[in-house]
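Working notes, beginning with the structure itself.
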Amino acid sequence: ITPSYPCSFSSFARCLTKHLNLFFHVDFARRVIRGKVELTVEALEDRFSSLTLDSRDMKIDSVRANGQAASFSMGAKHSFKGTPLEIKLPFDLSRGQHVIVEVTYETSPSATALQWLAPEQTAGKKQPYLFSQCQAHHCRSMVPCQDSPSIKFTYYAQVSVPKDLVAVMSAIRDGQEVDPKDNERIIYHFRQPVAMPSYLIAIVVGALESRVIGPRSRVWSEKEIVEKAAAEFSETEDMLQTAEQLAGPYVWGQYDILVLPPSFPYGGMENPCLTFATPTLLAGDKSLANVIAHEISHSWTGNLVTNKTWEHFWLNEGHTVYLERMIGRSMESEQFRQFKAMGGWKDLQDSVNTFGANNPVTNLVPSLEEVDPDEAYSSVPYEKGFALLYHLEELMGGPEVFMGFVKSYIQMFAYSSVTTEQWKDYLYTYFKDKVDILNKVDWNAWMFTPGMPPVKPQYDTTLANACIALCQRWIKAKDQDLDGFKESDIKALSSHQVIEFLSLLLQEDALPLTHVKKMQEVYNLDTCMNSEIRFRWLRLCVRSKWEDAVPKALQMATEQGRMKFTRPLFREVYNFEKFHDEAVRVFLGHRGELHSVTAALVAKDLKVGQNQIDGKTT
């Protein structure tokens, strides 16, 4: 049976893309890319003469096949899948033959994959900036392609940009030259010899500099933050080597990190050869290590072995969280891994509470038929996925035994895309002497039932005990007990433990205002620069109706655009009845600075209608 690909229009059963040749002319004045793509397509059937590509909001100028003009038409536009590009070839192919389909096109200024920043939105304030974010299904707004993680291809690219700017991509840098058509521009060359899915094509153009941080790594950013970034990311090579010991050789050659401007919507994005990272990581200490360990782990789980469709996203994210925590175990301790796992369980509980325990998007394997993957995105695939793998680890004989399976699974499915069914079949094959134990797992409850998992793992609480005890003291404290709290309560805790302490408080009923004011007086959390701590502290203050915290929460929600922080902060202020309208007003004022995906989801959270966005009142 042909699996359904609910998020794509392109013809998977009939042809496969093997390689892309990309030509980009980046036009900052008009905020478009003038593009040409040559797709090497293999026919999977005889008398093959037509194909469909995914596109979204783009202007198609011409289509050629092996150099001959080919007729094309655009299908009906879909709300999030875009518009199918139907191409008729001027000849037939036999099964196994290749054709080079060349599409000349221009992106739209509102292409969902691309964010164009004015100079004032950058650190340097002088030059504009462009970055892409193609996951999950946005590549089609930048390149007409078979935009599904089931299809993997190599790519080469040439990118023409103004000569004061630098281009980098999710590929190996391969030289540069003055643009022969315009000596005010430079063409940068790239090659990606390892086959990868469309969602991992990535481009950044800006006033970029780089510093070497390891034998196969550089950090890229604007010059204003490049030294700080180089210092922060100095452990990268140690992490890469630790990951290789666990998961096998790193196949992508270069591992660079690019620190983006603040509007980047995610903590990190695992683009091959060039991990994207949010600048919110640069506020010091260890929250950085988790994000980079996570993105490094994706080099194996996600980039090398990829979910076949977005319903199986947990295969990417659950395994990556598992591997990230195994890196933490190697570099810190088993207790540290257990502690991070407990924090993850709370993040899962938060997501389930936000969506509702009966919401089918909280399934480990949700059905995404007519569901926009952006709207289904949450910590569920990450943390429910991890919890399942940890549960299996306990049943199968511990971390060393189970990591043996994960490494073998990566080797077995390297360079391909997989479904949950294939993963499970391989699990049964690998542990063939333990099938009776595997058969006792309630697979249906884990995979296809919404809400929290059927089993709650018993994590080692050693590192969490101090956080739990301090949290309980604050919850139980009466006003007359408040003088018993001292600065030393949290001086002894690591930043990870402070984050955990605040997370525990956020799981409880709101503290009385007297308590949060006292907490500020003794712990002085307002001055903390660690964004994970600041984010939780501001939510706690707003929830306890401390009015002074509202402007600070809205400031944090808008000075960066990382969805993990921006959405909950806006929701928290919106739910504070008195500042309901203020949340909407500030959002509408800053909407243009946010990434389009972030803006759309915050608008939904705050129930902002299109007419309010257009400036009319409801």
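Using N, Cα and C of the backbone, Cβ positions are placed for all residues, glycine too.
TrEMBL does not curate its annotations; it predicts them automatically.
These features come from TrEMBL:
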- E295: active site, proton acceptor (ACT_SITE)
- Y382: active site, proton donor (ACT_SITE)
- H294, H298, E317: Zn(2+) binding site (BINDING)
- 462-606: domain 'Peptidase M1 leukotriene A4 hydrolase/aminopeptidase C-terminal' (DOMAIN)
Just how many other Cβ atoms lie inside 10 Å of the Cβ on E317 (Zn(2+) binding site)?
24
For H298 (Zn(2+) binding site), what residues in its own chain, 6 or more apart in sequence, show a Cβ-Cβ distance under 8 Å?
E270, N316, T320
May I ask which of the recorded positions H294, E295, E317 is closest to Y382 (active site, proton donor) if we compare their C-alpha atoms?
E317
Can you give the mean pLDDT for the domain 'Peptidase M1 leukotriene A4 hydrolase/aminopeptidase C-terminal' (462-606), rounded to a whole number?
94
Would you list the other residues of this chain near Zn(2+) - those whose C-beta lies within 8 angstroms of the C-beta centroid of H294, H298, E317 - in sequence order?
E270, E295, S297, T301, G302, N316, T320, V321, L323, E324, Y382
What counts of helix, strand and coil residues does DSSP assign across the domain 'Peptidase M1 leukotriene A4 hydrolase/aminopeptidase C-terminal' (462-606)?
112 helix, 0 strand, 33 coil
The residue listed as 'active site, proton acceptor' to E317 (Zn(2+) binding site): how many Å between their Cα atoms?
10
